[in-house]
Amino acid sequence: MDPLPVVTLAVVALCFLGSVDSSAYDKIVTHSRIRARNEGPNVCALQQVVGTKKKYFSTCRNWYKQSICGKKATVLYECCPGYMKLNGMRGCPAVAPIDNVYNTLELVKATTTQRYSDMSNLRKEIEGPGAFTVFAPSDDAWEELSPTARSALESNVNVELHNALQYHMVNHRLMTKDMKNGITVTSMYNNQGININHYPNGIVTVNCARIIHGNQMATNGVVHVIDRVISATTSTIKEFLDTDESLDEFNNIATIAGLMDKLDKPGHFTLFAPTNEAFTKLPLLKQTRTLVNYHLLNSVQCAEAIMAGSFYETEEGSTIEIGCDGDSLTVNGIKMVLKKDIVASNGVIHLIDQVLIPDSAKEVRELMGKSQSTFSDLVSEMGLTSSLSSETQYTLLAPLNYAFTEEVMAQDESYLKLILENHMLNLKISLRELYNGQLLETLSGKLLRVFIYRTAVCIESACMVKGSKEGMNGALHLMSSLISPADKTMFELLDADGRFKTFLSLMETAGLEDLLRQTGSYTIFAPTDEAFEVLSKEDLDLLKSDLNALRTILLYHFSEGIFINGGLEPKVTNLLKSLQGKNLQVKSENNSIHVNSVEVPDSDLMATNGVIHVVKNVLYPADLPVGSQDLLMVLQKLIKYIEIKFVSGFTYTEIPLTFISPKTKTTIIEEQPSVTTFTRVIEGKPTMKQVTRVIKTESTVPKVVVEGDQSTKKVTRVINRPPTGSKGICCSQEGTR
């Protein structure tokens, strides 16, 4: 039998055993093979950072961006691990010969490691029987070792060099699939541990050295080529901090914060340790524990595993972005890492020249960025900064710069100041504390309603954009537009507008006018007079003559709950159940609304009891027939977007008006000076202000006789009550979908 197939079968058999549960490394190699399939069999596509020797089996993101760590990367085609070229043949058709570990080192071009094995009398061991794993530094890795360290190894080959090489060895076979993230394997040097990390992007590190050529099978083990020489480490992160004088300042505050005990125990940590010089750039620091925990990750992030920016949660609870710019590691987009990959027994340390300040250690005003600079500047110009001291709790609802149009900026100073005050709350309200129906009291004394939708959180008609933050004395929420507190009912808005005379007349005829006046939360698609101009007086009289028909048509324009444009899930059909009973089909796209395919030219007119969307067509349920030919003709004039069905004899059923509050007549019998008592009670936890206003009026001054409901009504307005699962007394509504 030809020897090559035998070798092939041996390698394939071993690889098959290891392919049952492939690792991220194996998958990225497979993807690289697919990308290079046009180059011939067993060819892998790699990316090399321009100007360096660094090569990667790249992730999809880096592949399509054609860059790694922000630097241009060129594509190379090489034989996949375990395969070789043959003269005159395309691709890499030959399986690499399988030999002992010593000879395999030459095959993978780790010739310096092979030579050092000769010099240190290790050759006999790695040529002999056994199952070894060798993490072999590449020739470039040995060149990068400091001359002093390398000279020390070469001058004592039987001890220092031998021990160093044995630290790169494990006495059993480890394929990349066996290298689970966070494990520690025992080396052949004094049983010292080697820390393994296996990242989702396919990179595998050993003591933060990257495997650049893995899984090269040998008859007595496996060889993985790594990009640096690793050394044994027994010190914990705490012990490193204790011995490095350049980190005394951080060591002191970490001790005060009670973090040092944690850093002395087993774990998998990444510490960004600021040098003493970094602390000289800062004023007196507050919230020491918060500050220290912001520098610590509960995972190991080696520099060689970072190919692009990613966010990681800190022990403080918020996130930081770790990225790279060429060979430099970046934190939150800034090059600040002085020295990277200092390996400890319980993690890795990166030295940085800046102290990282989390949002939770900053005042709220400091959290505002460039996109809210107009709001920030106006707050200062209008003299409102005194309300935002570090000693007070507050929340800023900061509109983005584009919300301040020329028209807004042209307003007089007093009006601008009022606008700003309506975006400031005298208490801290975090994003997780907001709930549907909540009332927030502004600095100006106005009440703002909170609406929670499936994909949005909105305050009045302004919705939040991504980027809410919490500072040490409050919260910041970014708003897509200016917030305007509602101060008129739906009836008052429609009546003052002047475009809805016919609609209001029909509502009055139908006995539905109180729906527009009463307390509640409604969405209305209000048709303008233009929608009715095709009707004659006779047509209108006919429409008014059938009360059930009129109510059916009008109530189809109403839905319970407040649904604004920003609260609708975009590019899909949102079903809103009308008060008539049938669904309205509402779609939001490109910042405009369509209801039942009818355009809404004007939306989000906020009232104290709902929101108005303007339509120029009368709406009608598509599956509801008409039983009168005369009424059918009237409706056909009004409604063009659907074909209304006719069913002879069909009559409209009566709709119970249970959603309209009964009228209460009030007659003044005796007029005397009124006495009004105001009681303001402030309760709650220190971080949440609960305000209850109880307004009492003595029943004899003036004397009031109520006809109808004789029960006593007590009105309690609760601002910022914590959600308990029960509905509020006067301000709850269904605003979610």
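Yeah, the Cβs are placed from backbone N, Cα and C, and that goes for glycine too.
The annotation domain 'EMI' is assigned in TrEMBL to 40-94.
Taken from TrEMBL, the feature domain 'FAS1' applies to 98-230 (among others).
What TrEMBL records for 234-356 (among others) is domain 'FAS1'.
Feature annotation from TrEMBL assigns domain 'FAS1' to 359-483 (among others).
Mapped onto DSSP classes, the domain 'FAS1' (487-619) shows 47 helix, 42 strand, 44 coil. What TrEMBL records for 487-619 (among others) is domain 'FAS1'.
According to TrEMBL, the feature signal peptide maps to 1-22.
Residue counts for the domain 'EMI' (40-94) under DSSP, split into helix (H, G, I), strand (E, B) and coil, are 6 helix, 23 strand, 26 coil.
Taking the domain 'EMI' (40-94) as a whole, pLDDT averages 91 in the prediction. Across the domain 'FAS1' (359-483), the DSSP tally of helix, strand and coil residues reads 42 helix, 37 strand, 46 coil.
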